[in-house]
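Record features, source Swiss-Prot:
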DOMAIN    1-93  domain 'FAD-binding FR-type'
DOMAIN    219-304  domain '2Fe-2S ferredoxin-type'
BINDING   253, 258, 261, 291  [2Fe-2S] cluster binding site
(Lines of atoms letter the chains of each structure in order from A and count residues from 1; the text may use other names and numbers.)
(Lines give C-alpha, C1' and ligand atoms only; values in the text may rest on other atoms or scores of the structure.)
Protein backbone atom coordinates (compact mmCIF):
# COMPACT_ATOMS: atom_id res chain seq x y z
CA UNK A 1 0.00 0.00 0.00
CA UNK A 2 1.13 3.53 -0.74
CA UNK A 3 -0.40 6.81 0.43
CA UNK A 4 -0.30 8.97 -2.70
CA UNK A 5 -2.27 11.95 -1.36
CA UNK A 6 -4.10 12.61 1.92
CA UNK A 7 -7.19 10.92 0.43
CA UNK A 8 -5.79 8.49 -2.14
CA UNK A 9 -4.05 5.16 -1.54
CA UNK A 10 -2.55 2.77 -4.07
CA UNK A 11 -3.13 -0.92 -3.35
CA UNK A 12 -1.06 -3.73 -4.87
CA UNK A 13 -2.55 -7.23 -4.97
CA UNK A 14 -0.66 -10.53 -5.29
CA UNK A 15 -2.16 -13.97 -5.68
CA UNK A 16 -1.86 -16.32 -2.71
CA UNK A 17 -0.68 -19.17 -4.94
CA UNK A 18 2.10 -17.05 -6.46
CA UNK A 19 0.71 -17.41 -9.99
CA UNK A 20 0.17 -14.56 -12.43
CA UNK A 21 -3.17 -12.81 -12.70
CA UNK A 22 -5.28 -13.09 -15.88
CA UNK A 23 -4.38 -10.79 -18.76
CA UNK A 24 -6.21 -7.49 -19.10
CA UNK A 25 -6.28 -4.45 -21.37
CA UNK A 26 -6.20 -0.76 -20.50
CA UNK A 27 -9.56 0.43 -19.19
CA UNK A 28 -10.34 -2.84 -17.39
CA UNK A 29 -11.75 -2.93 -13.88
CA UNK A 30 -12.00 -5.49 -11.12
CA UNK A 31 -14.60 -5.92 -8.39
CA UNK A 32 -13.09 -5.84 -4.90
CA UNK A 33 -15.25 -7.64 -2.35
CA UNK A 34 -14.73 -6.22 1.15
CA UNK A 35 -17.47 -8.22 2.89
CA UNK A 36 -20.92 -9.65 2.15
CA UNK A 37 -22.49 -6.19 1.93
CA UNK A 38 -19.81 -4.14 0.18
CA UNK A 39 -18.20 -4.67 -3.23
CA UNK A 40 -16.71 -1.87 -5.32
CA UNK A 41 -15.40 -1.63 -8.86
CA UNK A 42 -11.92 -0.16 -9.35
CA UNK A 43 -9.98 0.48 -12.55
CA UNK A 44 -6.75 -1.43 -12.96
CA UNK A 45 -3.85 1.00 -13.20
CA UNK A 46 -0.92 -1.41 -13.37
CA UNK A 47 1.10 -2.40 -16.42
CA UNK A 48 -0.73 -4.82 -18.70
CA UNK A 49 2.55 -6.65 -19.36
CA UNK A 50 3.33 -7.34 -15.68
CA UNK A 51 0.75 -9.80 -14.41
CA UNK A 52 2.54 -10.63 -11.17
CA UNK A 53 0.45 -7.93 -9.48
CA UNK A 54 -2.68 -5.86 -9.97
CA UNK A 55 -2.84 -2.28 -8.76
CA UNK A 56 -5.77 0.03 -8.02
CA UNK A 57 -6.13 3.47 -6.46
CA UNK A 58 -8.86 4.22 -3.94
CA UNK A 59 -10.03 7.69 -2.96
CA UNK A 60 -11.48 7.81 0.55
CA UNK A 61 -15.09 8.99 0.52
CA UNK A 62 -16.64 9.17 3.98
CA UNK A 63 -20.06 9.84 2.43
CA UNK A 64 -19.95 6.83 0.10
CA UNK A 65 -21.22 3.26 0.57
CA UNK A 66 -18.36 2.36 2.90
CA UNK A 67 -16.04 0.53 0.51
CA UNK A 68 -13.39 3.22 0.26
CA UNK A 69 -13.38 3.76 4.03
CA UNK A 70 -12.95 0.00 4.50
CA UNK A 71 -10.00 -0.07 2.10
CA UNK A 72 -8.31 2.90 3.77
CA UNK A 73 -8.97 2.05 7.41
CA UNK A 74 -9.18 -1.75 7.60
CA UNK A 75 -7.09 -3.07 4.71
CA UNK A 76 -3.51 -3.57 5.88
CA UNK A 77 -0.44 -5.09 4.24
CA UNK A 78 -0.78 -8.86 4.15
CA UNK A 79 -4.56 -8.97 4.55
CA UNK A 80 -6.59 -11.29 2.33
CA UNK A 81 -9.23 -9.88 0.03
CA UNK A 82 -11.33 -11.31 -2.80
CA UNK A 83 -11.24 -9.77 -6.27
CA UNK A 84 -12.94 -10.67 -9.54
CA UNK A 85 -11.36 -11.31 -12.90
CA UNK A 86 -10.91 -8.13 -14.96
CA UNK A 87 -13.60 -6.89 -17.31
CA UNK A 88 -13.26 -4.04 -19.79
CA UNK A 89 -16.24 -1.76 -20.44
CA UNK A 90 -13.97 1.17 -21.31
CA UNK A 91 -11.58 -0.12 -24.01
CA UNK A 92 -9.48 1.92 -26.38
CA UNK A 93 -10.72 2.13 -29.95
CA UNK A 94 -8.66 -0.01 -32.29
CA UNK A 95 -8.43 2.76 -34.86
CA UNK A 96 -8.61 6.54 -34.89
CA UNK A 97 -6.62 9.53 -36.07
CA UNK A 98 -6.14 10.74 -32.51
CA UNK A 99 -7.11 9.86 -28.93
CA UNK A 100 -8.00 12.54 -26.36
CA UNK A 101 -8.08 11.29 -22.75
CA UNK A 102 -9.82 13.55 -20.21
CA UNK A 103 -9.48 12.75 -16.51
CA UNK A 104 -10.88 14.38 -13.40
CA UNK A 105 -9.36 13.55 -10.00
CA UNK A 106 -9.27 9.80 -9.29
CA UNK A 107 -10.61 9.24 -12.82
CA UNK A 108 -6.99 9.22 -13.93
CA UNK A 109 -6.50 5.53 -13.07
CA UNK A 110 -7.77 3.73 -16.22
CA UNK A 111 -5.66 5.99 -18.40
CA UNK A 112 -2.30 4.82 -17.03
CA UNK A 113 -2.27 1.46 -18.86
CA UNK A 114 -4.13 2.98 -21.80
CA UNK A 115 -1.39 5.57 -22.32
CA UNK A 116 1.20 2.80 -22.33
CA UNK A 117 -0.84 0.95 -24.96
CA UNK A 118 -1.24 4.04 -27.13
CA UNK A 119 2.47 4.81 -26.87
CA UNK A 120 3.30 1.24 -27.87
CA UNK A 121 1.06 1.61 -30.94
CA UNK A 122 2.75 4.86 -31.90
CA UNK A 123 -0.67 6.52 -31.76
CA UNK A 124 -1.30 10.25 -31.54
CA UNK A 125 -2.77 10.95 -28.09
CA UNK A 126 -3.07 13.52 -25.32
CA UNK A 127 -4.05 13.31 -21.66
CA UNK A 128 -5.86 16.30 -20.16
CA UNK A 129 -5.87 15.91 -16.36
CA UNK A 130 -7.95 18.29 -14.23
CA UNK A 131 -7.84 18.32 -10.44
CA UNK A 132 -8.88 20.57 -7.58
CA UNK A 133 -5.47 21.38 -6.05
CA UNK A 134 -1.87 20.04 -6.16
CA UNK A 135 -2.47 17.63 -3.26
CA UNK A 136 -5.18 15.94 -5.35
CA UNK A 137 -2.85 15.31 -8.29
CA UNK A 138 -2.23 11.62 -7.69
CA UNK A 139 0.22 10.04 -10.14
CA UNK A 140 0.95 13.24 -12.07
CA UNK A 141 4.72 12.94 -11.60
CA UNK A 142 4.68 9.32 -12.79
CA UNK A 143 2.68 10.27 -15.86
CA UNK A 144 5.01 13.11 -16.78
CA UNK A 145 8.07 10.90 -16.38
CA UNK A 146 6.71 8.38 -18.87
CA UNK A 147 4.65 10.51 -21.25
CA UNK A 148 5.74 14.11 -20.66
CA UNK A 149 4.90 15.53 -24.09
CA UNK A 150 1.42 13.97 -24.02
CA UNK A 151 0.32 15.23 -20.56
CA UNK A 152 -1.51 18.51 -19.90
CA UNK A 153 -2.63 19.36 -16.36
CA UNK A 154 -5.15 21.88 -15.00
CA UNK A 155 -5.29 23.02 -11.35
CA UNK A 156 -8.55 24.67 -10.26
CA UNK A 157 -7.00 26.24 -7.14
CA UNK A 158 -4.43 28.03 -9.31
CA UNK A 159 -7.02 29.41 -11.71
CA UNK A 160 -6.01 27.04 -14.49
CA UNK A 161 -9.10 25.29 -15.83
CA UNK A 162 -9.66 23.00 -18.78
CA UNK A 163 -11.14 24.89 -21.75
CA UNK A 164 -13.30 22.03 -22.91
CA UNK A 165 -14.99 23.64 -25.90
CA UNK A 166 -11.67 24.80 -27.30
CA UNK A 167 -10.14 21.35 -26.82
CA UNK A 168 -12.98 19.37 -28.39
CA UNK A 169 -13.59 21.72 -31.31
CA UNK A 170 -9.93 21.81 -32.38
CA UNK A 171 -9.43 18.08 -32.90
CA UNK A 172 -9.05 16.48 -36.35
CA UNK A 173 -11.79 14.35 -37.83
CA UNK A 174 -11.67 10.78 -36.56
CA UNK A 175 -10.58 11.71 -33.03
CA UNK A 176 -11.79 9.51 -30.18
CA UNK A 177 -12.58 11.21 -26.87
CA UNK A 178 -12.44 9.33 -23.56
CA UNK A 179 -13.50 10.74 -20.19
CA UNK A 180 -13.40 9.37 -16.64
CA UNK A 181 -14.13 11.44 -13.55
CA UNK A 182 -17.01 13.11 -11.70
CA UNK A 183 -20.44 12.98 -13.33
CA UNK A 184 -20.57 16.75 -14.09
CA UNK A 185 -17.31 16.43 -16.03
CA UNK A 186 -18.54 13.39 -17.95
CA UNK A 187 -21.81 15.12 -18.81
CA UNK A 188 -19.96 18.26 -19.93
CA UNK A 189 -17.62 16.29 -22.20
CA UNK A 190 -20.48 14.32 -23.77
CA UNK A 191 -22.51 17.50 -24.32
CA UNK A 192 -19.52 19.26 -25.86
CA UNK A 193 -18.80 16.35 -28.20
CA UNK A 194 -22.44 16.28 -29.26
CA UNK A 195 -22.36 20.03 -29.85
CA UNK A 196 -19.43 19.58 -32.22
CA UNK A 197 -21.11 16.63 -33.96
CA UNK A 198 -18.90 13.79 -32.76
CA UNK A 199 -20.46 10.46 -33.61
CA UNK A 200 -21.50 8.33 -30.62
CA UNK A 201 -18.90 5.67 -31.35
CA UNK A 202 -16.14 8.27 -30.91
CA UNK A 203 -17.23 9.22 -27.38
CA UNK A 204 -16.19 6.90 -24.53
CA UNK A 205 -16.82 7.34 -20.82
CA UNK A 206 -16.69 5.49 -17.53
CA UNK A 207 -18.05 6.28 -14.10
CA UNK A 208 -18.41 3.77 -11.27
CA UNK A 209 -20.49 5.92 -8.92
CA UNK A 210 -24.19 5.22 -9.24
CA UNK A 211 -26.22 7.59 -11.42
CA UNK A 212 -29.59 6.40 -10.12
CA UNK A 213 -31.92 9.25 -9.11
CA UNK A 214 -32.26 9.54 -5.34
CA UNK A 215 -36.01 10.12 -5.48
CA UNK A 216 -37.53 7.51 -7.78
CA UNK A 217 -41.12 6.29 -7.91
CA UNK A 218 -42.20 3.17 -6.04
CA UNK A 219 -43.27 0.22 -8.20
CA UNK A 220 -44.21 -3.46 -8.02
CA UNK A 221 -42.01 -6.38 -9.06
CA UNK A 222 -43.44 -9.84 -9.69
CA UNK A 223 -40.99 -12.73 -9.41
CA UNK A 224 -42.34 -15.24 -11.95
CA UNK A 225 -40.43 -18.35 -10.85
CA UNK A 226 -41.17 -18.01 -7.14
CA UNK A 227 -44.63 -16.48 -7.68
CA UNK A 228 -43.94 -13.63 -5.26
CA UNK A 229 -44.82 -9.95 -5.49
CA UNK A 230 -42.81 -7.19 -3.82
CA UNK A 231 -43.05 -3.44 -3.56
CA UNK A 232 -39.84 -1.56 -4.41
CA UNK A 233 -39.76 1.71 -2.49
CA UNK A 234 -38.59 5.01 -3.98
CA UNK A 235 -35.29 4.85 -2.07
CA UNK A 236 -34.69 1.15 -2.65
CA UNK A 237 -33.22 -0.94 -5.48
CA UNK A 238 -34.91 -4.05 -6.86
CA UNK A 239 -32.01 -6.09 -5.54
CA UNK A 240 -32.43 -4.70 -2.03
CA UNK A 241 -36.15 -5.41 -2.09
CA UNK A 242 -35.59 -8.99 -3.26
CA UNK A 243 -32.98 -9.57 -0.56
CA UNK A 244 -35.59 -8.79 2.11
CA UNK A 245 -37.31 -12.02 0.98
CA UNK A 246 -34.06 -13.96 1.56
CA UNK A 247 -33.84 -14.74 -2.15
CA UNK A 248 -30.21 -15.11 -3.20
CA UNK A 249 -29.26 -13.16 -6.34
CA UNK A 250 -25.62 -12.97 -7.34
CA UNK A 251 -24.33 -9.41 -7.63
CA UNK A 252 -20.72 -8.37 -7.20
CA UNK A 253 -20.61 -4.63 -7.84
CA UNK A 254 -24.04 -3.20 -6.91
CA UNK A 255 -23.16 -0.34 -9.27
CA UNK A 256 -24.37 -1.63 -12.63
CA UNK A 257 -20.96 -2.39 -14.09
CA UNK A 258 -20.21 -6.10 -13.61
CA UNK A 259 -23.25 -7.77 -15.22
CA UNK A 260 -23.68 -10.54 -12.65
CA UNK A 261 -27.23 -9.53 -11.65
CA UNK A 262 -28.55 -9.33 -15.22
CA UNK A 263 -32.15 -10.55 -15.13
CA UNK A 264 -34.61 -11.26 -17.93
CA UNK A 265 -37.67 -8.99 -18.22
CA UNK A 266 -40.88 -10.92 -18.90
CA UNK A 267 -43.30 -7.99 -18.72
CA UNK A 268 -42.96 -4.22 -18.41
CA UNK A 269 -40.14 -1.83 -19.26
CA UNK A 270 -36.99 -1.00 -17.33
CA UNK A 271 -35.48 2.42 -16.74
CA UNK A 272 -31.83 1.52 -17.28
CA UNK A 273 -29.08 3.12 -15.20
CA UNK A 274 -26.30 0.56 -15.68
CA UNK A 275 -23.08 0.87 -17.66
CA UNK A 276 -23.00 -2.78 -18.71
CA UNK A 277 -25.69 -3.12 -21.39
CA UNK A 278 -25.28 -1.45 -24.76
CA UNK A 279 -27.80 1.14 -25.94
CA UNK A 280 -29.29 -1.46 -28.28
CA UNK A 281 -29.62 -4.01 -25.46
CA UNK A 282 -31.29 -1.43 -23.25
CA UNK A 283 -33.72 -0.51 -26.02
CA UNK A 284 -34.64 -4.17 -26.57
CA UNK A 285 -35.98 -4.36 -22.97
CA UNK A 286 -35.03 -8.03 -22.75
CA UNK A 287 -33.01 -7.79 -19.54
CA UNK A 288 -31.88 -5.38 -16.84
CA UNK A 289 -29.39 -4.93 -14.00
CA UNK A 290 -31.52 -5.12 -10.88
CA UNK A 291 -28.83 -3.54 -8.69
CA UNK A 292 -29.41 -0.08 -10.21
CA UNK A 293 -32.14 -0.09 -12.88
CA UNK A 294 -35.79 0.55 -12.10
CA UNK A 295 -39.24 0.30 -13.70
CA UNK A 296 -40.54 2.86 -16.17
CA UNK A 297 -44.10 2.07 -15.16
CA UNK A 298 -45.84 0.69 -12.10
CA UNK A 299 -45.01 -2.99 -12.61
CA UNK A 300 -42.25 -5.33 -13.78
CA UNK A 301 -42.35 -9.11 -14.14
CA UNK A 302 -38.90 -10.67 -13.86
CA UNK A 303 -37.59 -14.16 -14.56
CA UNK A 304 -36.72 -14.88 -10.93
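Just so you know, glycine gets a Cβ as well, placed from its N, Cα and C.
The Cβ of residue 291 ([2Fe-2S] cluster binding site) has 237, 238, 239, 251, 253, 254, 255, 256, 261, 274 as same-chain neighbours under 8 Å, each 6 or more residues away in sequence.
Compute the center of the Cβ atoms of 253, 258, 261, 291, which mark the site for [2Fe-2S] cluster; besides them, the chain residues with Cβ within 8 Å of that center are 39, 251, 252, 254, 255, 256, 257, 259, 260, 274, 276, 289, 292. With helix defined as DSSP H, G or I and strand as E or B, the domain '2Fe-2S ferredoxin-type' (219-304) counts 12 helix, 27 strand, 47 coil.
Counting neighbouring Cβ atoms within 10 Å of each of the binding-site residues (253, 261), the lowest count belongs to 261. Residue density at residue 258 ([2Fe-2S] cluster binding site): 25 other Cβ atoms are found within 10 A of its Cβ, drawing on all protein chains shown. Residue counts of the domain 'FAD-binding FR-type' (1-93) by helix, strand and coil are 8 helix, 29 strand, 56 coil (DSSP-based).
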